[in-house]
Amino acid sequence: MTAPVQVPQSLLLLLMLLLTLPATGSDPVLCFSQYEDSSSKCKDLLGKDVSLEDCCLNAAYAFKERDNGHCQACRSPRWSPWSSWAPCSVSCSEGSQLRHRRCIGWGGQCSENKAPGTLEWQLQACEEQQCCPEMGGWSNWEPWGPCTVTCSKGTRIRRRVCNNPAPKCGGHCPGVAQESEACDTQQVCPTHGAWGPWGPWSSCLSSCHGGPHKPVETRSRTCSAPEPSKNPPGNPCPGTAYEQQSCAGLPPCPVAGGWGPWGSVSPCSVTCGLGQILEQRKCDNPVPQHGGSFCTGDDTRAHICNTAVPCPVDGEWEPWGDWSTCTRPHLSAIRCKEIVGQQTRVRICKGRKFNGQRCPGKHQEIRHCYNIQNCIFGEKGSWSQWTPWGLCTPPCGANPTRVRQRRCMASLPKFSPTVSVVEGQGEKNVTFWGKPLAQCEELQGQKVLLEEKRPCLHVPACKDPEEEEP
């Protein structure tokens with residue numbers, strides 16, 4: 001067993017002083033070690049009154065400016081996932097529904113120069129049920145049924161059916177399908193005896209073992225709940241009015257537990273950013289026995305520690321850029337011809353800091369292509385099917401509308417879909433690049449693009465969901 005490390009008392013006093021000094025720089029915040037993307041909540045509070053710069057040394061951490069404030073992530077700002085679609089604004093016929101996302105992060109802006117905390121909305125049409133409920137009507141009441149008992153007073157019932165007319169589309173008839181009333185047989189019922197509750201057990205001489213006696217405890221009950229009637233005669237209570245049992249097997253007397261001393265301080269739990277140091281104690285002074293109560297309070301306690309070292313941030317790929325023009329070196333005229341060219345696209349690795357991991361994969365892609373930009377080919381084009389209805393725009397403004405489209409689709413030439421570039425390396429796929437000129441029969445007065453618009457109905461208001469929480 002190794003001896004515990006002796007920490008000089010002066011060093012401990014210095015550490016406690018540093019932890020209690022107020023943070024400098026920006027206003028202090030509540031610092032958390034985890035940001036939960038699925039709920040936009042802060043998890044695992046590290047400490048209060050921490051400076052924003054110290055808390056965000058680790059980009060995986062999060063902070064709140066006040067107890068009831070929004071949770072904000074320390075990472076570079078980016079949009080949260082879209083929320084689930086809210087319930088439809090009406091329960092039948094056509095309505096609308098909203099969803100949202102929030103710019104989450106610190107030290108920058110999301111796309112479109114949106115500041116952290118900004119909400120962005122989407123609105124779409126919805127239809128929970130095509131038709132609305134229609135109420136039905138009741139039939140006439142059936143005759144009353146027989147009385148439920150053969151003596152004394154009971155009840156009888158009668159029924160009716162919801163079919164005059166029948167309800168439609170989930171509707172119903174108002175009122176009840178069955179009703180009851182009292183009935184009297186004019187016959188007296190016998191009263192059968194029933195036991196009242198058992199009385200309490202008599203006291204044993206001791207509540208825990210170790211005494212000189214093994215006492216017996218007894219209890220009794222009476223046939224009085226109710227007593228049996230005499231005319232007409234009722235049945236007596238079955239069974240016995242008394243019972244007894246031995247008090248043997250009483251437990252040993254309990255011993256309550258007590259805390260031992262706090263153990264030594266552990267190292268800081270992290271090597272970068274903010275972490276914790278822990279102390280522990282055991283409930284062994286004495287150990288609880290024979291049902292005695294366990295020690296109250298916590299067996300661990302934590303203090304915040306600051307490594308003052310920023311945590312690595314791995315790089316992340318930006319989206320691929322657009323493909324370059326399809327060309328072929330030393331050959332200028334390949335447009336509209338079955339001549340294979342090449343094009344490239346690139347992407348940028350952003351956000352890498354403090355010796356974080358580089359982005360995996362390549363930053364450039366090359367593919368083979370045919371240049372068909374603004375080309376006219378022999379066959380006429382054809383109109384596409386209607387696209388799905390788009391989102392309602394504006395989602396939070398007045399009179400939002402939705403649009404669907406049909407486009408004139410140009411016919412593509414029957415060029416070879418593959419090409420052999422280097423002998424022994426097999427065939428490579430060839431992609432069409434550019435937009436050929438489309439020539440379609442005129443449709444509703446349009447030659448290229450046909451659009452249909454509709455208003456969005458029963459539009460709900462855009463409200464921050466976090467402001468609706470109690």
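Each residue's number is its place along the chain shown, starting with 1.
Positions of Cβ are set from backbone N, Cα and C atoms, glycine also.
Keep in mind the model is a prediction, meaning the values are calculated, not measured.
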If you look at what Swiss-Prot says, which of CYS132, CYS147, CYS151, CYS223 makes a disulfide link with CYS183?
CYS147
Quick one: which of CYS110, CYS126, CYS173, CYS189 does Swiss-Prot link to CYS151 by a disulfide?
CYS189
Which of these, CYS392, CYS396, CYS408, shares a disulfide with CYS440 in Swiss-Prot?
CYS408
Starting from the Cβ of CYS462 (disulfide bond), draw a 10 Å sphere and report how many other Cβ atoms land inside it.
15
Under 8 angstroms, Cβ to Cβ: which one of 76-133, 135-190, 256-312 has the largest number of such pairs with the domain 'TSP type-1 6' (380-463)?
76-133
Nearest to CYS131 (disulfide bond) by Cα distance: which of the disulfide-bonded residues CYS103, CYS110, CYS237, CYS396, CYS408 is it?
CYS396
From the disulfide-bonded residues CYS92, CYS162, CYS272, CYS392, CYS456, pick the residue whose C-alpha lies nearest to the C-alpha of CYS295 (disulfide bond).
CYS272
Between the domain 'TSP type-1 0' (27-75) and the domain 'TSP type-1 4' (256-312), are there three or more CB pairs that fall under 8 A, provided the residues in each pair are separated by 6 or more in sequence?
yes
Write down the Cα-Cα distance for CYS169 (disulfide bond) and CYS92 (disulfide bond), rounded and given in Å.
10
